[in-house]
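Asker: Below are the structure tokens for one structure; questions will follow.
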Amino acid sequence: MAGPGAAFRRLGALSGAGALGLASYGAHGAQFPDAYGKELFDKTNKHHFLHSLALLAVPLCRKPLWAGLLLASGTTLFCTTFYYQALSGDPSFQNLAPVGGSLLLLGWLALAL
């Protein structure tokens, strides 16, 4: 499957591999500051997996560049913000998460076009 969406398919596969690696780290190696950090990490990891799968569908939509850019940037911004908070206990970047979440929402809508 070539074309503008093929890169996002590969990015989705790499993102999924990264999500799996982070899930393993969270389950076996991470030191969380508190129970909330572990819960936040696990929820973030589920979102990471879900949106990695969405990236795999990007080549199938009519606007792959828009959908792919929105989903990739939204996943990065949303998940990185919460992974950081979960591992450090520092919530100073959490105000970026709604921006990432909004980009994810727009990415899902772009898949529907």
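Each residue, glycine too, has its Cβ placed from N, Cα and C.
Straight from Swiss-Prot, here's the annotation block:
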- 1-29: signal peptide (SIGNAL)
- 30-63: topological domain 'Extracellular' (TOPO_DOM)
- Lys43: N6-acetyllysine (MOD_RES)
- 64-84: transmembrane segment (TRANSMEM)
- 85-92: topological domain 'Cytoplasmic' (TOPO_DOM)
- 93-113: transmembrane segment (TRANSMEM)
Asker: Who are the chain neighbours of the topological domain 'Cytoplasmic' (85-92) in space, where the CB to CB distance is under 8 Å and they lie at least 6 residues beyond its ends?
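Answerer: Residues 30, 32-34, 37-38, 40-41, 44 contact the topological domain 'Cytoplasmic' (85-92) from elsewhere in the chain.
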Asker: Does DSSP give Lys43 (N6-acetyllysine) helix, strand or coil?
Answerer: helix
Asker: So if I exclude everything within five residues of the ends of the topological domain 'Extracellular' (30-63), which remaining residues of that chain have a CB under 8 angstroms from its CBs? That is, six or more out.
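Answerer: For the topological domain 'Extracellular' (30-63), the sequence-distant neighbours (Cβ-Cβ under 8 Å, at least 6 residues beyond its ends) are 1, 3, 5-6, 8-9, 11-13, 15-16, 18-20, 22-23, 71-72, 74-75, 78-79, 82-83, 85-89, 104, 107-108, 110-113.
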Asker: Could you give the mean pLDDT over the topological domain 'Cytoplasmic' (85-92), rounded to a whole number?
Answerer: 98
Asker: State the count of C-beta atoms found within 10 angstroms of the C-beta of the residue listed as 'N6-acetyllysine', not counting that atom itself.
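Answerer: I get 12 for this one.
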